[in-house]
């Protein structure tokens, strides 16, 4: 077990250091070895924990020196576990760990985006290496530390149909006509019969969303501006949530086509401890809140909107799955983990091999016993204080402190007088 020095990323959408709830900045200050200097007006967006070369974590050695975690793992494969080395290797372009763990503080919407699957990632990296810098896929999972709001996946097609029918500015941008209306109604009928997987549902959403993505800026910019102005004055055309979100997104990204994605994408709300999984080729965006995020080690992004950066429209339209389901279906369950003898831990276990996350919640003075994991893990305290014990070695823990635990080591967690909540990202191969 080693203390880790994480890295901090500052992006425009982060929470300013002077704000009362700048969680990334608060956590960064918990590691004095990071020498973090908070600035009141600087937005702090992400705390990175892992071996990704963009912001690699460092290990504090017993003599106080610092060494790259990636170098340590590549030099001693036993720390990863033989099964992990066999399946994922150690000399990957994105680092020795197959996952990247983050804390995000979101003050402003991130770009609407999707991440390619493995086959497409390899193809895009070969064709456009300056835009797609590695060849890995990037499934992600978000776990709310505090209240969170985001886009995730396509709405039920009936909701899309209703918006296209009711909102004149949207019809203008889509160039909606009787043919599009008929296609939408046929898709609604198919979905109402329980045929969510039927080709006509996916093909229809692709047709309509593709029309939005390919729209001319000279058409959508005045439409977005007109729509936001009209909604700011009030309307009963849509729900209050949709109305307020359109206005807010236009204030953040004026006249951006992504504002109109509100009519296509589910708005998901998570309370503390709730999670959602974002598979390959699924459109999503984080809108506000504070989360833990775990992902396969990659930085590949295909953007749709709410961004000044390049949009790869044709790649995006072709890659998406166009699965259509309601917001509740986007959430990921977290059952009690059977690897904690005290039953104080839940597991978020998405359907991919690169990672899972454990969340342990302890009352003051309580203890948790994690079985030995057959792979490496990174653990961060999100609230409270206490101790970790691995193989007789004890470490003091407080909010924001990060540790690496090697493979095949049991972990004992003991809460202090204020209780303790810890999140542990890991990979394990049967």
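Even glycines carry a Cβ here, placed using N, Cα and C.
All annotation found in TrEMBL is predicted automatically rather than curated by experts.
Since the structure is predicted, the reported quantities are computational estimates derived from the model, not experimental observations.
The annotation in TrEMBL ties 113, 115, 140 to Zn(2+), and of the candidates under consideration, 284, 290, 370, the one tied to the same site is 284. Residue 303 (active site) is 10 Å away from residue 284 (Zn(2+) binding site) when you measure Cα to Cα. Between the candidate recorded positions, 115, 303, the densest Cβ environment within 10 Å is the one around 115.
Residues belonging to the domain 'Phosphomannose isomerase type I catalytic' (2-157) score a mean pLDDT of 91 in the model. Taking the centre of the Cβ atoms of 113, 115, 140, 284 as the Zn(2+) site, the nearby residues of that chain (Cβ within 8 Å, site residues left out) are 114, 138, 278, 282, 283, 301. Per DSSP, the domain 'Phosphomannose isomerase type I helical insertion' (185-265) is made up of 59 helix, 1 strand, 21 coil.
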